[in-house]
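Participant: If you scroll down you'll find the structure; I have some questions about it.
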Amino acid sequence: MWGNLNSPKTGENLPTKKHQKNPQKLKPPSPSPVFSPLPSIFASPCLCSPLPRKLQAGRPARPASGIRGSEGPLRLGRAWARLAGAPKILVPWRTTLTRIGGQYGAGTESYFTLLRFLLGLNILGALFQGALTLLPLLLLGPIPGPPSQGVHQPCGPYDPLPQGLVDYPTLLINLLSGEGHLEWSPLFYGFYPAQLSGGTFRLPVAYLLSTFVSGLLCLLLILHRSVSGLKQTLLSESGALTSYSHRIFSAWDFGLRGAGPVELRRRALRYELQVELEEASERKRAEARTRAQWAGLWATRILLNLLVLAMLGAAFYGIYWAVDPNKVLQTPVLRLLVAYLPSIFISAANLLLPPVFGLITGLEGYPRSRQLQLLLLRTVFLRLASLVVLLASLWNEITCGGKPEAEACATCGYNSAERPCWETRVGQEMYKLLLFDLLTALAIPLLVQFPRKLLGTVCCGRLGRLLGTMEFQVPEEVLGLVYGQTLVWIGAFYCPLLAGLNAIKFLIIFYLKRFSLFFFCSPASRTFRASAANFFFPLVLLLGLAISAVPVLYGIFVIPPSKLCGPFRGQVTIWAAVPHAIQGLPRTARDFLFFLGTLSFAVPLMLVSSVLMVYTLTLASSYGRQVSKLKGHIKMESKSKVLLAQRIVALSGEERDL
């Protein structure tokens, strides 16, 4: 059987007669780099070198086969793999995210991945809004003019266009506040007419449809992302993929080529092991606490939570006070300052309170992953509740405190004297919040991070290190993204082009954050698990989507639309345009659509959904029991192998004694 190996290339590895006579002189072959110790994975970048010639020569040659035998399917498999991997090449910023994950950890990479995901959501939303509302208006026309120029109507005059010449400061103020010529533009709700020329295309229905389709698409995509993140979180918490043996033996990608990707992968593995070690040390520290220490810790937690509630209450009161319709100022600068007063209060609370929450969370004695979740929950409550307080104050102003029989709301059903086009007013608030958020994101690197980095390079010693060391705070940055996206979900109905503006803002923020990360920030001293971030971040997005749906649905179903502007003028409610449009359909389609809204359809649908839910829960429970049984079998097998190995060692020791 060894005759085939005695070739000039392979015979040099076989023992000669001289060596056969003196077997003690045989030297073992030098170890191949492939079988080098595992720690070399983290030390040597040359992990993908081919096998040495001697090892390749020592292998028996495979019989040659034709194209039909092996090369044909192999080529087809490689071609199919290239086609399957082609969409990954089209993913934007793939190389940049890989570099960020290697240098700053998977947690920082998850922030930029979420930013890319939200950018795609806003682009899709802008396309839907433009295709269903703006494009038909431009194609069918005519472009509407102001509703009443100097004409007094029962619901008050509404003429947003300024009269005469406008100076440059006023134009700048109108651009920043969304007033003047910008108020009567496709950017806001009031510009769109109730009917287009020809009468065949129903713009109100298309306007509502664009809002619902965009929201449903965002919901489905976020659910898909959260489900995939939930799988990773469950695996990481179960311990199936978080053991050190998995990180060392199975996590390396042997397809990497070049020193750069290898170094990035080494750093990513180091950060993952660092997270594992930090969480293990936190668990050991928690297990070593006594009852007295636990009692003191819980008392400290209660006091700190009371302090957090007091700070949140103060911030919400300031936001509610900032929305005051009775401020009448003639100076343009003061008028702009008052217009931006809610945005200033919300942004100041969002900038000052999260660092305080971070200090408080560090004093509560939770593990790193739990600290991240608590900080995210408190910050997201601050940001989203600030929007809720702002909207509540606006609804209180528009609906006369919820009293339609009040004198200001008795004529039109809303406060037409203060807000003749209340939908545009809400859209302007969301527009100002979005614009102020962008200005804040631009000002922080320029006015805070750059001077701090400059002082860190100039100063020496401990002060220079303290000033120059800046870490990329992932929780605060993620909540900034969720806050900006929630603004879009609330204001997209009242400001149809807000999704497009937010896409431009996210694009600017991506390159700005990448620049500040590489030039101003250092890797985080304490990292966190990326699998938890991949699940928790979409969960916070779902919370923002649910909160934003409440005021939008309230405005659609409850508050009467403005009588002087918008596509729903003349309707009792905004939703009343849908039944009115259904009445114009053929009888069969009309009866079917009305049947979908009756109890005869809702009750069977609920019963079928309940049966499917119970079946899914039962199936998941059975799968869980089966998985637990399989885990028990694996443990028993491992224990039996350990016992067998111990028995073999004992027997071998007895034989040596004999």
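Backbone N, Cα and C atoms are what each Cβ position is placed from, and that goes for glycine too.
Since this is a predicted model, take the numbers as computed values, not measurements.
This is the feature table in TrEMBL:
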- 1-33: region 'Disordered' (REGION)
- 1-10: compositional bias 'Polar residues' (COMPBIAS)
- 117-139: transmembrane segment (TRANSMEM)
- 205-223: transmembrane segment (TRANSMEM)
- 302-323: transmembrane segment (TRANSMEM)
- 343-363: transmembrane segment (TRANSMEM)
- 375-395: transmembrane segment (TRANSMEM)
- 421-531: domain 'TMC' (DOMAIN)
- 487-512: transmembrane segment (TRANSMEM)
- 533-559: transmembrane segment (TRANSMEM)
- 592-620: transmembrane segment (TRANSMEM)
Participant: Taking 302-323, 343-363, 592-620 as candidates, which has the most Cβ pairs under 8 Å with the transmembrane segment (375-395)?
Facilitator: 343-363
Participant: What are the helix, strand and coil residue counts for the domain 'TMC' (421-531) according to DSSP?
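Facilitator: Grouping H, G, I as helix and E, B as strand yields 88 helix, 2 strand, 21 coil.
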Participant: What residues in the same chain, six or more past the boundaries of the transmembrane segment (117-139), come closer than 8 Å to it by Cβ-Cβ distance?
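Facilitator: Result: 186, 192-193, 196, 201, 203, 206-207, 209-210, 213-214, 217-218, 221, 225, 481, 484-485, 488, 492, 496-497, 499-500, 502-503, 506-507, 510.
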Participant: Are there residues at least six beyond either end of the transmembrane segment (343-363) with Cβ under 8 Å to its Cβ atoms? List them, or say none.
Facilitator: 300, 304, 307-308, 311-312, 315, 318-319, 322, 371, 374-375, 378-379, 382-383, 386-387, 390, 432-433, 436-437, 440, 473, 475-476, 479-480, 483
Participant: Looking only at residues six or more beyond either end of the transmembrane segment (302-323), which have a C-beta under 8 A from one in the stretch?
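Facilitator: Apart from its flanks, the transmembrane segment (302-323) reaches 341-342, 344-346, 349, 353, 356-357, 360, 363-364, 378, 381-382, 385-386, 389-390, 392-394, 397.
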Participant: State the residues, same chain only, that lie 6 or more residues beyond the ends of the transmembrane segment (592-620) and have a CB under 8 A from a CB inside it; answer 'none' if no residue qualifies.
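Facilitator: Result: 582, 585.
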